[in-house]
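Some notes on the structure that comes next.
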């Protein structure tokens, strides 16, 4: 046997309720010893692991308060109970055959697997009242081959990891608890949904603020560029005025400087041509 054993099919097989149908049909037309025999056959049948429909048969319900109430209580035990409950009060039930005891142990494993997906060997040994690990592993493997659980045995850590567990019968009155549990789950979902909606509204509001800020910053940049462009244009015009200004304020321009010297080219000759009169 390897240290880790992966067991079970990938998908659960056909519902075990179909195997119970023939016993329900027999119970409808049986009374007395014949009915008790039908119940014992159902308890020993290798493919029957649910008993709710058989318990609901009128002929079976009549056994509850009669001299054969142990058969009813035993059927009730297999539908909802565990092996430890049987061991605690064996006088309440009919004497179980080895096949019946093993089936009740298998059903006990199913009950544990429904509550937790990781089950220590120590808990299984206690619930099944087994003191031998090899015997325990054999019981688990038989339950897996019966297709009521799928899982993996970790022998080093002594843990059964459950991947799938068949459901058991729902006890009378338990439906109300299921409704309450589902309602609590719905309320929790509503609360989470409201919280998510609030977060979405907050995120949208923050997004709107960021868009507004982005538009404002972009507009500020556009305005700043306009101001800078205007200042640059004014500076260029001022520089042009400073460059041409002296020629228009009474000073001599370059063209004038070139022309004026020609009038004073020979001052002496100009003086000779002057006539004086007395």
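These residue numbers are counts, starting from 1, taken along the chain as shown.
Placed from the backbone N, Cα and C atoms, the Cβ positions cover glycine too.
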Site from 13, 69, 233 that Swiss-Prot describes as phosphoserine, others unannotated there: 233
Which candidate, of 230, 238, 262, Swiss-Prot gives the annotation phosphoserine: 238
DSSP-derived structure type at residue 235 (phosphoserine), helix or strand or else coil: helix
